[in-house]
């Protein structure tokens, strides 16, 4: 804390609770998180075939890099303090990457819809210029969203407890620590949840509803299998990501549960970025080698120089 007056203080750093309530799991969690972080950043897995996959891979790197290094330091050295500017930077990059992934998944669902339901129109509906414009718009809009939430958070006063009930800085636990009115922050959070979460989820459902209807109308069983195989990977990634996001964010701040949020956060900040390149490259020989290294790292941590 920094003292401003006899009855006023200003928060200059927070303490991330992390997984301190589970001391026996500290080293196993470190091994697991470190392995997931390594696989998620493997160069052999981040060479996607499609344009939107490339953007998704970039956002995966931003997401994991904004959360996991600090979480690993906390697990390895029990150093859980984070400065206020550092906390706001982490909040910005996490919000930017998470909202970008939701929009990119919706764009990819539309891409699959056009490919299966309107194949003759695919070349002009999903032209390179349109794809580039969509990606640029996603990055810009979501960067604005992250700046808005981080900026609103800096306007709040934090003069009470400084322990964040999480392993990174996110909006709900920070609002619970504020001693200022948080109505504007809560309204903007609900609006963002409605747009990035609910609306994009509904658009994805509509796209897949049309895809399923189109597949069922196909007369050839081989054609149905081929059509389904082109979107099954994306459908799996969407299911995992939205399940975690809804569990973590689609709820009022007053009903925030630290335990539930930590589990959900592991899914969308660690597991999902690791699974994305694997799911989209299941037939790639390099993926098999990367999975072998991951299993070896988990079972034999001394091979990677991790704590025994």
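Here the Cβ of each residue, glycine as well, is placed from N, Cα and C on the backbone.
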Quiz item: For the record in TrEMBL, which of the ranges 156-179, 228-251 is the transmembrane segment one?
Solution: 228-251
Quiz item: If you check TrEMBL, which stretch out of 194-216, 286-308 is marked transmembrane segment?
Solution: 194-216
Quiz item: Which stretch, out of 123-142, 263-282, is listed as transmembrane segment by TrEMBL?
Solution: 263-282
Practice problem: Go through the chain and flag residues at least 6 beyond the ends of the transmembrane segment (194-216) whose CB is under 8 A from any CB in it; none is fine as an answer. | Solution: 98-99, 102-103, 105-106, 109-110, 112-113, 116-117, 145, 224, 227-228, 231, 235, 238, 242, 245-246, 249-250
